[in-house]
Amino acid sequence: MSSVAVTAQTAGKRAARAAAKRRGRGTRSAQRRPGRLTYILLGTVLLISMFPLYFTLLLGSSDPVTIAQEAVPQWLPDASLFQQFATVFESDRINFWKALTNSVIIAVVTAASVVLFSTLAGYSFAKLRFRGRGPLLVFVIATMAVPTQLGVIPLYILMSDLDWIGKLQAVIVPGLVTAFGVFWMTQYLSEALPYELIEAARVDGASMIRTFWSVALPAARPAAAMLGLFTFVQQWTNYFWPSIVLNSENPTLPLVVKSLQANFFVDYSLVMGGIFLVTLPLLVIFVFVGRQLVAGIMAGAVKG
Amino acid sequence: MAVLSPTQPTHRRGGRGASGPRPPRRVGFSQRLGRWDVKLSPYLYISPFFLLFALTGLFPLGYTAFVSLHEWNLLGGQGEFVGLENFSAVLAQPVFWKSLVNTFSIFVFSSIPQVLLAITIAALLDQNLRAATFWRMGVLIPYVVAPVAVSMIFGRLFADQYGLINELLGIVGIDPVGWHSDRIASHVAIASMVNFRWTGYNALIFLAAMQAVPRELYEAAVIDGAGRVRQFFSVTVPQIRATIIFIVITSTIGGLQIFDEVRMFDSTGLGGANRDWMTTVVYLYDVAWGNQKDFGRAAAVAWLLFLLIVLIGMVNFLITRRISTSGPKAPAVSRRHTRRLLAQARAAGGAGTAPPTPAPAPAPTDPTTDREDRR
């Protein structure tokens, strides 16, 4: 079990990176570079991936009359786009800034909470022995396949009884833990964290929680980062539950899309400009963390 | 595992050595403390998950059954016990059945092309690419676009008049399609939104699985004279079968719960005038928070949908396993299996795609052990 994660544990980050590089080179050197066709196909995939977003810019730069008559009103966006942005920012019916703040709060809090609780539980399932461990883990895996969204009616009744309708906690609290997160961290830690490290910490006199904090948590970092990112994206783009318990006075960004559609359905260029604004924050984040996201998937041991 | 046995604290203290035994009481106390620490900590660590999950996941799911047996509406709250009346009322609604058919149809249009496309893209990415990370990030872009936004954009691309898709079809010589009026066409449009968002994501999961396939297997296959396509079907597919099952099951669960896409596809968001593209979750929403405001019936819908998802998930699992376990178990079966797959590929993709197969290449003896060794 000489995974890169273990190298990171025993020899530090730099060595791990070097090891990963060496390994990559070793396995790949036998392979030749792919032909041009591969790049053409991948380029097409990339174009299709980007086009819908680019399309919002094109429609946002145009005007409703042209949009009603042309499939693609123009091929390059222009400065009139900023007028749409200004309208969206200033509109009272849209509440854009409030939605942005709300989305950030919800996504950050749930991501942090899912990561913490999943790592704790995952560490416990992967590395500690206790009565009932097997059945409980099976239970977690089983619930992963159960669509808990189908409990929306009682959940709504609960939120209504707590007087949380229209408040952020109605979205945050149900998102604080996920069965997937626990399963994910269990999988990762059982491979990436050698028992020797835990033993060493215990022999040195560390308490259980100290062992978790100083040994398990650092080892879990790659998978935890990825879990956090995915939770963040999932909450950020979530619409179903927020649309039920929140409203246009206290919206999240996806709810803004609905308000745009409801209030400005005649003005398509405004709607599309707004949609681009709604998508932009996550896109910017993606530019910075996309690499980790992908690397996380690749190193994060998605093996069936 | 010795570390977790209760004797550990003694060992730890004793290890410090030469100064002789400590006063028994102190050792006893810290030992007991250590033992409790070791015994209770595991439960302590898993408890936040189980407590929160019980409150926000399990309880609502169970309580749905309770609500479904009562008269219950949004404003009036709990009414009297009505037994299975809500279920029979829902089952008698033609719209409910229509929504089920729609859901299933959209699911088929989304999941099958999605898995095939994702595997193809993963195979493209699983090469010695220049700027590999760039391409991998590229296919993941749609994932960060919210489904509601995707739906609004695609609603425009699939516009019945002056929509880009119809214009493109016009170039090829196909008449404009009524994406917002024809039932099947609307399903295809909605499925394409789902595919847009999830194909790249699934491709990366497949890619991760493909990269875990030992390269020696490919080398062996090359020596045995297998071409690229043959390698793909005889080595890659059997090796990533567990991932295929995983993706098929998750896409089933997701595909049967489509909501956002339909809500934004037109301005009413209820699946068109004839409910031609209303999915069951949208129906549930409409019953609970739309016109009827009937929680009892909505809960009944939720339970019916839940049963359906479990059922289809299980069928899915069995089928996928049947298909893919015949792979690497025994070489004889494997060969027949791959030959069949190859024949299918040849039939589907035209004669040119399959490589000339020389003497039947024996499948790598036991891939599973290879894989274990590598870890």
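Including glycine, each Cβ sits where the backbone N, Cα and C put it.
Because the structure is a prediction, the values reported are computed rather than measured.
As recorded in TrEMBL:
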COMPBIAS  B:355-365  compositional bias 'Pro residues'
DOMAIN    B:100-316  domain 'ABC transmembrane type-1'
REGION    B:1-28  region 'Disordered'
REGION    B:344-375  region 'Disordered'
TRANSMEM  B:43-66  transmembrane segment
TRANSMEM  B:104-125  transmembrane segment
TRANSMEM  B:137-159  transmembrane segment
TRANSMEM  B:184-209  transmembrane segment
TRANSMEM  B:240-259  transmembrane segment
TRANSMEM  B:300-319  transmembrane segment
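Here the transmembrane segment (B:43-66) lies next to the transmembrane segment (B:300-319) in space: the count of CB pairs under 8 Å, restricted to residues six or more apart, reaches at least 3. If you count C-beta pairs under 8 angstroms between the transmembrane segment (B:184-209) and each of B:104-125, B:137-159, B:300-319, the highest count goes to B:104-125. Packing against the transmembrane segment (B:104-125) from elsewhere in the chain are residues 132, 135-136, 139, 184, 187-188, 190-192, 194-195, 198-200, 202-207, 210, 232, 236, 244, 247-248, 251-252, 255-256, 258, 277, 279: each is 6 or more residues past its ends and has a CB under 8 Å from a CB in it.
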